[in-house]
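Data first, discussion second: the structure below is written as structure tokens.
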């Protein structure tokens, strides 16, 4: 009855108005699982390949009809007849069918869409929510959100070099309380920016994108908004950054064009250390470029004892890249993006490897999202303890927060909010 009888993909639009892949998997008893694939703007060089058509006459070359055809053709032919509960075997079959190291033939967007839709169908077939089906009875930890309230870098049309300025409500009693705290700070920040004559337009991930160039000015606005909302920075709510440093790493230097600075690797470490000394920052993502291993080691040696140093472009949710980072002593946390590696099985393998090495995990969205809230379930399933899914605006972001609220309600008394347990040092 849990046999796959049909797999169908279609081209839909993501939150940036770009095409992406959506997949339906239908089982013999009529159960159907559906998944939509996200897409990133600042992408790591080592990510699995997202297949785009390149036909400039459609969607400026960003169409995904070839990936859709791969699902409806080769992949469907391979997987129809499989038992949907055999996730590992199904993912392995698709990886073998693709035959490349980076899923470049069929496309990671094709493979991932099927992988997640299969998991959803199997969860429904077994009458379990997705977080329980994937995570088992131990899945009960609700993650602390990293709420991106000021956008810069590749996510906004402004001169801010650092890509994301985030708040983390560690003092919340539960996820519902955390969302409320974040929303209150978000709305307070809007008033502060407006009062300063700055734009309150939002970026790709729902955060504000004001026309300011200084990292410290952005941080000051966030601190002031936390305080005016009635909370204490560094006690109730902490700060987190996503530098996306690979985006401004040019010819061996870190070029902060918004601030008019060009820094060596060591100087960039000093720059970040000074921010940590002056602000209640507990997490920095991609503080160094993806190939600057020496810089990552220096940053980890300098700040790793007290700050979570998250590898996104560095690790790309890839067990091989993560293993190298662990061996080199670089970073102490991994950002988890299912589309970077391209299958649920490989994602879970990377998460487990990070856990075993005492690295933390942060479940993450992409800047190009849909209403699909799968990552909320996966955050709980893997007991990540942290989730990064944008600001308190745009329904593509709020879909994940709302799903976490539902999951917490369903878990009842066994639900645990990670809260202060994520703090280091």
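Backbone N, Cα and C atoms are what each Cβ position is placed from, and that goes for glycine too.
Feature annotations, reproduced from Swiss-Prot:
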ACT_SITE  205  active site, proton donor
ACT_SITE  337  active site, proton acceptor
BINDING   163, 337, 366, 367, 388  (2R)-2-phosphoglycerate binding site
BINDING   242, 285, 312  Mg(2+) binding site
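Features per Swiss-Prot, on structure.
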{"residue": "163", "record": "(2R)-2-phosphoglycerate binding site", "Cβ neighbours (10 Å)": "29"}
{"residue": "205", "record": "active site, proton donor", "Cβ neighbours (10 Å)": "31"}
{"residue": "242", "record": "Mg(2+) binding site", "Cβ neighbours (10 Å)": "28"}
{"residue": "285", "record": "Mg(2+) binding site", "Cβ neighbours (10 Å)": "28"}
{"residue": "312", "record": "Mg(2+) binding site", "Cβ neighbours (10 Å)": "29"}
{"residue": "337", "record": "active site, proton acceptor", "Cβ neighbours (10 Å)": "24"}
{"residue": "366", "record": "(2R)-2-phosphoglycerate binding site", "Cβ neighbours (10 Å)": "26"}
{"residue": "367", "record": "(2R)-2-phosphoglycerate binding site", "Cβ neighbours (10 Å)": "25"}
{"residue": "388", "record": "(2R)-2-phosphoglycerate binding site", "Cβ neighbours (10 Å)": "30"}
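Restricting the recorded positions 163, 337, 366, 367 to those with a CA within 10 Å of the CA of residue 242 (Mg(2+) binding site) leaves 163, listed by sequence position. Distance between Cα atoms for residue 312 (Mg(2+) binding site) and residue 388 ((2R)-2-phosphoglycerate binding site): 12 Å, as a whole number. A strand conformation is recorded for residue 388 ((2R)-2-phosphoglycerate binding site) in the three-state DSSP classification.
Other residues of the same chain near the Mg(2+) site, with their Cβ within 8 Å of the Cβ centroid of 242, 285, 312, are 163, 164, 241, 243, 244, 284, 286, 310, 313, 335, 388.
Look at residue 285 (Mg(2+) binding site): DSSP puts it in a strand. A gap of 7 Å separates the Cα atoms of residue 366 ((2R)-2-phosphoglycerate binding site) and residue 337 (active site, proton acceptor). Separating the Cα atoms of residue 367 ((2R)-2-phosphoglycerate binding site) and residue 285 (Mg(2+) binding site) is a whole-number distance of 15 Å. Distance from the CA of residue 388 ((2R)-2-phosphoglycerate binding site) to the CA of the residue listed as 'active site, proton donor' is 10 Å.
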